[in-house]
Each structure stands twice: as C-alpha cells, then as structure tokens.
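> Handing you this structure, nothing more for now.
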Amino acid sequence: KKSDYIKLYVRRVFITDDFHDMMPKYLNFVKGVVDSDDLPLNVSRETLQQHKLLKVIRKKLVRKTLDMIKKIADEKYNDTFWKEFGTNIKLGVIEDHSNRTRLAKLLRFQSSHHSTDITSLDQYVERMKEKQDKIYFMAGSSRKEAESSPFVERLLKKGYEVIYLTEPVDEYCIQALPEFDGKRFQNVAKEGVKFDESEKTKENREATEKEFEPLLNWMKDKALKDKIEKAVVSQRLTESPCALVASQYGWSGNMERIMKAQAYQTGKDISTNYYASQKKTFEINPRHPLIRDMLRRVKEDEDDKTVLDLAVVLFETATLRSGYLLPDTKAYADRIERMLRLSLNIDPEAQVEEEPEEEPEDTTEDTEQDEEEEVDAGTEEEEEEEQETAKESTAEKDEL
C-alpha cells in the first residue's frame with residue numbers, strides 16, 4: 001500500500017512520486033508537491049532517493065506540515081481534524097523524537113474540566129492550580145470508567161483537573177512525553193500522588209498512620225502477605241475503602257489489560273514479565289467504616305477467620321475497582337458467598353438441600369386398563385363374526 005503522496009519536481013519538471021519515506025508514517029494522509037532548483041536532473045531516481053538534499057527536504061516538509069496543522073482554527077481542528085487524524089498525532093509523539101514538542105501542542109484529550117469538550121495541554125496548564133507542579137491523568141477503557149475510579153476521588157474533590165485517557169494508544173503517548181511546558185505527567189493510578197499540606201494536616205496524617213499501624217502490619221505480614229508489596233494509609237481516597245496502586249515503573253490496570261490482549265493475539269505469556277510480576281501497594285481509607293471496623297477486629301483477634309476473609313475480599317474488590325483482572329474469579333465468588341451467609345446469619349457449613357429422588361411410575365392401573373381394552377376389542381370382533389355367520393345362513397335358506 002502506498003504510504004507517501006508527495007510528488008517531486010526539479011525546476012518544474014516532474015521527477016517521481018514513488019517515495020517510501022519522504023513523509024513519516026504518521027503523516028501518511030498528507031498530499032503535496034515539492035519543487036526544487038537544487039537537485040540534479042541528470043541522475044536516476046534510485047540515486048536521487050539517496051541524495052543528501054532530500055534529507056533536508058524531508059525535515060522541512062514535516063515541520064511545514066505541523067505548522068500548517070497548528071494554524072487550523074481551534075473549533076475546526078477539534079471538531080473535524082482531531083476526530084479524523086488524532087491517532088496519527090499520538091503515534092507521531094511516540095515515533096518522532098525530534099518533533100515531539102511540536103506534536104504535543106497538537107494533542108487533545110477529554111478531561112474533568114468539561115463533560116463533552118476536549119482540551120489541549122496548553123489549556124490544561126493555563127487552568128492549573130497554584131503550586132500544582134504535575135499534569136494529572138487517569139487511563140481507562142471509557143470516560144465513565146476513568147472518572148468513577150477511586151484514584152481521582154480526592155483530586156476532583158480538591159478541584160484539580162484530571163485528563164482522561166480512553167484510547168489504547170493514549171497511555172503510550174503520554175509515557176513518551178517526559179514533560180510539557182516544564183510540568184511532568186503523573187498517572188494517578190500509580191505511586192507519587194502527593195498534596196501540599198499544612199503542619200496541622202501533616203500531624204493529623206502521622207497520627208492516623210500510627211493509629212492504623214496494627215492493621216497495616218497485619219495486612220502486609222499476614223492477611224495479604226503474598227499479594228501486596230506494602231499497605232499504607234491513602235491520601236487519594238475519599239469514598240472508596242481501598243485501592244491497589246502500581247509502582248512508578250509498574251503497569252496500571254488499563255495498561256495491564258492492553259498488554260494481556262496483545263499477548264493473547266501473539267500467543268506470548270506475560271506472567272513472567274518484570275512489570276506484570278511487580279507487587280502493588282494496598283492503600284486504605286482510614287475514614288471508611290469498613291476499615292475502622294477491621295482495625296477494631298484485628299486488635300481483638302488477628303486470627304479471626306472472618307476478618308481474614310474480609311481482608312481478601314477487600315483486596316479483590318480493590319483489584320477490580322483499580323482496573324485489574326482477578327486471576328481466580330471462583331475463589332472470589334466463594335468468599336462473597338461466605339460473607340453473604342454471615343450477613344444473613346446462615347451457618348457457613350450449611351449444605352445445599354439434596355434434590356428429591358424421582359419416584360417410579362405406577363404402571364399397574366395402565367396394564368389393567370390395557371387388558372380391559374383388549375378384552376373389549378376381542379368381544380366386539382366375536383359379535384361381528386356371529387352376525388356375519390347368521391346373515392350367511394339366512395341367505396342360504398332363502399335360496400332353497
């Protein structure tokens with residue numbers, strides 16, 4: 001398939017349109033004409049392809065194209081160009097290192113600032129809160145999933161704007177951008193989300209951490225020993241009881257889903273992958289009633305099977321809330337059933353009632369009925385034969 005639509009003229013004489021890399025792949029939708037007075041006419045097309053001046057032309061073509069795209073009016077750009085070629089621009093950020101800064105200014109994303117309109121990174125930076133030094137983003141399979149994630153709860157409550165990444169290529173694109181306008185990007189589903197706090201707020205946080213230390217240690221060393229890296233008091237949760245947070249170099253839930261889908265298509269096993277095998281941080285909300293009750297129960301009896309079950313159920317629901325997949329859904333369903341039994345005061349050991357055995361059908365009456373029908377049928381046949389015999393005898397007498 002043809003990937004370049006650039007025609008080359010030398011001194012207004014058509015030379016060729018058979019190029020393979022005059023424009024990068026992400027700009028394969030651009031059509032144009034190049035006329036040069038500096039290229040030689042008396043050389044073969046193969047030699048011309050390797051001419052050093054073509055490298056300069058290629059570089060200028062890309063920059064001219066990006067400048068031209070930048071001049072498109074915002075309304076027309078957002079409504080028309082971005083819908084058609086937005087993915088191309090994102091791929092350009094990933095592939096074209098030399099023009100990454102120019103391409104970043106052309107990016108558009110959904111954000112918490114507006115329910116329908118898309119925003120540029122320039123507009124996001126203009127709206128940033130005072131002392132905010134990072135651009136916050138949340139990735140998900142849809143806007144609804146991203147904005148309902150536990151990771152954005154406190155950010156939205158405090159009035160921070162969050163960019164929503166809803167396409168598979170989005171997270172790759174942002175990872176390729178080290179920063180924008182001096183502001184680094186922060187995935188809110190990973191470690192590193194911090195807020196400015198006063199001395200009093202800091203003291204309260206430290207007191208809370210000390211209060212919940214028995215529960216945090218119990219989770220890390222006993223209940224969730226093989227499942228998490230550590231358990232900490234969360235600064236990002238306001239409504240949810242807990243969340244599962246990836247390290248800075250680990251995969252978010254969205255990225256893990258994408259990688260697993262790609263591995264499934266290629267037949268690769270990612271279970272041994274360094275990023276996939278990294279344990280995550282379990283963050284708890286100290287103000288949530290479930291967490292407070294767990295702290296009380298652990299202090300009373302840390303070997304209570306019900307509390308152990310509850311800790312694992314919380315971990316598994318946090319896994320789902322945080323966008324990850326559960327490796328063992330049956331075990332999760334069994335634990336939920338045990339919790340339901342306890343809440344309804346049903347004996348955990350109560351078994352399912354056995355189905356009643358099917359009784360054999362009573363065939364005695366049917367057999368007697370069949371015999372009666374056979375007898376009746378036989379009697380009728382005998383009567384018919386007697387009537388026919390009588391008729392024949394009468395006929396013979398009449399003849400005599």
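Cβ coordinates come from backbone N, Cα and C, glycine included.
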> Identify the motif 'Prevents secretion from ER' range according to Swiss-Prot, selecting from 57-60, 209-212, 397-400.
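Going through 57-60, 209-212, 397-400 one by one, Swiss-Prot gives motif 'Prevents secretion from ER' for 397-400.
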> Provide, as an integer number of angstrom, the distance between the C-alpha atoms of Lys230 (N6-succinyllysine) and Lys76 (N6-acetyllysine).
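That separation, Cα to Cα, works out to 49 Å.
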> When the Cα of Asn42 (N-linked glycosylation site) is compared with the Cα of each of the recorded positions Lys76, Asn78, Asn99, which one is closest?
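For Asn42 (N-linked glycosylation site), the spatially nearest of the recorded positions is Asn99.
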